[in-house]
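S.K.: Right, I'll just put the structure down here and ask away after.
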Amino acid sequence: MPKNSKVVKRELDDEVIESVKDLLSNEDSADDAFKKSELIVDVQEEKDIDVEEESEVEDERPAWNSKLQYILAQVGFSVGLGNVWRFPYLCQKNGGGAYLLPYLILLLVIGIPLFFLELSVGQRIRRGSIGVWNYISPKLGGIGFASCVVCFFVALYYNVIIGWSLFYFSQSFQQPLPWDQCPLVKNASHTFVEPECERSSATTYYWYREALNISSSISESGGLNWKMTICLLAAWVMVCLAMIKGIQSSGKIMYFSSLFPYVVLICFLVRALLLNGSIDGIRHMFTPKLEIMLEPKVWREAATQVFFALGLGFGGVIAFSSYNKRDNNCHFDAVLVSFINFFTSVLATLVVFAVLGFKANVINEKCIAQNSEMIIKFLKMGNISQDIIPHHINLSAVTEEDYHLVYDIIQKVKEEEFPALHLNSCQIEDELNKAVQGTGLAFIAFTEAMTHFPASPFWSVMFFLMLVNLGLGSMFGTIEGIITPIVDTFKVRKEILTVICCLLAFCIGLIFVQRSGNYFVTMFDDYSATLPLLIVVILENIAVCFVYGMDKFMEDLKDMLGFTPSRYYYYMWKYISPLMLLSLLIASIVNMGLSPPGYNAWIEDKASEEFLSYPAWGMAVCFSLMVLAILPVPIVFIVRCCNFVDESPGNLASVTYKRGRVLKEPVNLEGDDASLIHGKLSSEMSSPNFGKNIYRKQSGSPTLDTAPNGRYGIGYLMADIMPDMPESDL
């Protein structure tokens with residue numbers, strides 16, 4: 001008999017909603033035999049009635065319409081803008097093709113095991129991030145709240161990027177594209193090219209001046225940018241409408257938002273490969289620089305990219321998996337989604353460097369033409385002798401090889417005077433080495449390349465529609481990481497909560513659509529997620545491996561999946577992953593300390609970016625973002641350790657029944673040490689799904705054994721609660 005049986009009996013009269021006898025009298029006639037028997041666990045009957053058990057025990061929790069819909073949701077969440085504008089940059093910066101090796105190693109060591117961990121706990125406990133970590137340890141319940149806070153911070157600025165993409169999408173239905181040429185300025189006497197645009201480029205000018213209308217510093221607000229405000233509102237309306245019914249509405253949209261980017265990427269790759277110079281870009285991308293690969297910074301950046309690429313710590317992975325059937329093979333899902341994410345990054349990198357190779361060739365041709373004109377001018381002025389130029393070379397229509405030959409000859413002959421000539425070598429590699437990432441890649445480099453595409457408006461529409469879809473897929477998972485835990489914990493209506501969340505996020509998000517808003521996007525991107533998410537995932541790993549128990553967790557996985565996962569995961573979760581995560585956390589803190597906190601401001605007079613340090617209040621905001629994101633963890637720990645909140649432990653306020661099954665179990669089942677629900681707070685408990693299905697035991701059985709996973713069948717709980725009730729009534 002469990003140790004808490006006396007407490008259970010003492011509180012029964014006040015707390016149990018309906019007596020067991022009354023409830024059993026309402027059972028179907030077919031359950032008569034069930035009423036007169038004791039209940040135990042049987043492994044053999046599990047497959048026959050698993051679906052029926054889960055549907056009742058989980059109190060009609062929503063479920064995915066199909067496995068494909070679920071996989072697309074996870075892929076849509078993990079595959080985001082970072083795959084298009086972060087991974088290619090890191091690959092080019094950190095050794096080209098050689099970067100793929102550290103990335104793959106860290107994907108196997110950190111990515112897949114931790115992704116599998118989050119999928120498992122979400123599917124097993126069938127709750128959002130708050131409920132999951134409360135189940136495992138109420139004192140660590142702050143992990144779930146921290147995930148929600150981080151999700152909210154990320155959603156604030158991530159949707160702004162979708163708003164930017166919507167603006168460019170709306171402007172793409174023009175021929176020529178509005179960022180194709182620098183605008184002309186008219187005055188009383190003549191017309192001239194806008195000086196700021198002439199000193200930079202047409203696409204750069206359009207991004208900073210026409211789209212963002214950016215201010216010169218973060219301290220200079222400049223008021224709201226009404227165009228981006230409307231686009232941000234449209235982005236939040238789209239997210240709200242897609243999420244208002246939960247997975248019933250967002251799941252259907254996933255078919256388009258998750259698959260369409262692949263169609264666009266493949267179309268872009270085919271088109272780019274037909275362009276002049278695309279192979280140069282791909283060759284540059286995959287040329288391995290092995291000496292760079294051995295640097296510790298490369299491994300740190302690869303680990304960070306693996307970490308964020310899979311969406312670990314956000315709670316979206318847990319939320320999506322919580323709508324799965326209990327026997328779903330989440331191990332297969334973890335491996336599949338992780339490798340889909342990796343191959344998507346490689347596909348996006350091929351597209352990016354094929355397009356950038358084409359762009360580099362276009363710029364290189366202009367460079368050769370301009371420098372050839374300068375050489376012709378020097379020949380006419382007598383600065384360079386005509387005799388040193390090979391006779392077969394026509395400088396009016398020179399090829400790339402011939403120009404390089406002439407350049408080398410002039411450099412050797414005019415060794416001392418050569419710097420004064422200001423000739424450029426015009427190497428494609430020099431242009432490809434100018435790596436850009438983030439908004440610089442999407443809204444400047446890519447847009448400039450597309451102006452040289454045949455039918456450029458069509459490709460621009462496709463590209464920015466792809467960015468919108470990539471962003472929405474990630475936003476759905478991020479918002480789900482906020483909505484699902486709150487709905488599960490506080491039992492509020494999902495529709496109302498979704499509207500309130502989106503409305504609040506839009507109002508706060510207005511700081512990102514000021515003229516200085518781009519600087520706040522940089523601030524939130526740098527400080528609101530990186531360290532807090534690392535800490536959250538480290539605590540998740542510790543909670544499962546060392547608080548709940550690695551052996552018990554492996555048993556639960558065997559019970560849930562029907563097979564024992566490889567011991568590889570046991571050692572990864574218990575030893576390797578925590579050490580790797582701690583190393584990554586320390587490296588990130590050191591890197592953050594060594595890097596001066598600041599941002600790149602656009603200076604109008606110089607028509608270029610300039611690094612500026614944050615003002616004092618900006619530093620305070622950066623620090624506050626990190627503290628607020630992780631603050632729920634110590635607060636919940638202290639509150640529950642010191643019992644500041646009376647949650648009435650020890651009574652049966654949380655025990656109710658439905659069709660003879662426990663929906664919410666009593667707190668402090670001290671004798672039930674192996675259960676996931678041990679010591680959980682009543683307000684956070686949900687209908688547990690027992691590891692095995694329940695069936696009749698012959699009514700003369702002398703013992704009341706627990707289930708193999710350490711949980712008591714409902715018959716045993718009732719027997720403990722009502723020891724004086726006749727066995728026939730039980």
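Yeah, the Cβs are placed from backbone N, Cα and C, and that goes for glycine too.
Here's the feature list from TrEMBL:
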| type | residues | note |
| --- | --- | --- |
| TRANSMEM | 70-88 | transmembrane segment |
| BINDING | Gly76, Val79, Asn83, Asn341, Leu470, Ser474 | Na(+) binding site |
| TRANSMEM | 100-121 | transmembrane segment |
| TRANSMEM | 142-169 | transmembrane segment |
| TRANSMEM | 226-247 | transmembrane segment |
| TRANSMEM | 259-282 | transmembrane segment |
| TRANSMEM | 302-323 | transmembrane segment |
| TRANSMEM | 335-356 | transmembrane segment |
| TRANSMEM | 458-483 | transmembrane segment |
| TRANSMEM | 495-513 | transmembrane segment |
| TRANSMEM | 533-550 | transmembrane segment |
| TRANSMEM | 571-594 | transmembrane segment |
| TRANSMEM | 614-639 | transmembrane segment |
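Context for these features, please: burial, neighbours, distances.
M.R.: Counting only same-chain residues 6+ beyond the ends of the transmembrane segment (100-121), those with a CB under 8 A from a CB of the stretch are 91, 132, 136, 293, 298-299, 302-303, 305-307, 309-310, 312, 317-318, 321, 330-331, 333-335, 337-338, 342, 346, 537, 540-541, 544, 553, 556-557, 560, 565, 569, 572-573, 576-577, 580-581, 584.
Remote same-chain partners of the transmembrane segment (142-169), defined as residues 6 or more beyond its termini with a Cβ less than 8 Å from a stretch Cβ, comprise 81, 128-134, 211, 227-228, 231-232, 234-236, 238-239, 313-316, 439, 442-443, 447, 460-461, 464-465, 467-468, 471-472, 474-475, 478-479, 481-482, 485-486, 501, 505, 508-509, 512-513, 517, 520-521, 524-525, 528-529, 532-533, 535-536, 539-540, 543, 625, 628-637.
Same-chain residues lying 6 or more positions outside the transmembrane segment (495-513) and placing a CB less than 8 Å from one of its CB atoms are 152, 155-157, 159-160, 163, 224-225, 228-229, 232-233, 236-237, 239-240, 243-245, 479, 482-483, 486-487, 520-521.
Within the chain, the transmembrane segment (571-594) has long-range Cβ neighbours (under 8 A, six or more residues past its boundaries) at 106, 109-110, 113-114, 117, 296, 300, 303-304, 307, 530-531, 534-535, 537-538, 541-542, 544-545, 550.
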S.K.: Mind checking which of Asn341, Ser474 has the fewest other CB atoms within 10 A of its CB? They're the binding-site residues.
M.R.: Asn341
S.K.: Using a Cβ cut-off of under 8 Å, list the residues of the same chain at least 6 residues beyond the transmembrane segment (226-247) that approach it.
M.R.: 62, 64, 73, 159-160, 162-164, 166-167, 170, 211-212, 253, 320, 323, 472, 475-476, 479-480, 483-484, 494-495, 498-499, 502-503, 505-506, 509-510, 512-513, 517
S.K.: For the transmembrane segment (259-282), I need the partner stretch with the highest count of C-beta pairs below 8 angstroms, choosing only from 302-323, 335-356, 458-483, 533-550.
M.R.: 335-356
S.K.: Given the binding-site residues Val79, Leu470, which one's Cβ is surrounded by the fewest other Cβ atoms within 10 Å?
M.R.: Val79
S.K.: Which stretch, 70-88, 458-483, 533-550, tops the Cβ pairs under 8 Å count with the transmembrane segment (335-356)?
M.R.: 70-88
S.K.: Excluding the flanking five residues on each side, which residues at least 6 beyond the ends of the transmembrane segment (533-550) place their CB within less than 8 Å of a CB in that stretch?
M.R.: 114, 117-118, 121, 133, 136-137, 140, 143, 146-147, 150, 307-308, 312-314, 570, 573-574, 577-578, 581-582, 584-585, 588, 630, 633, 676
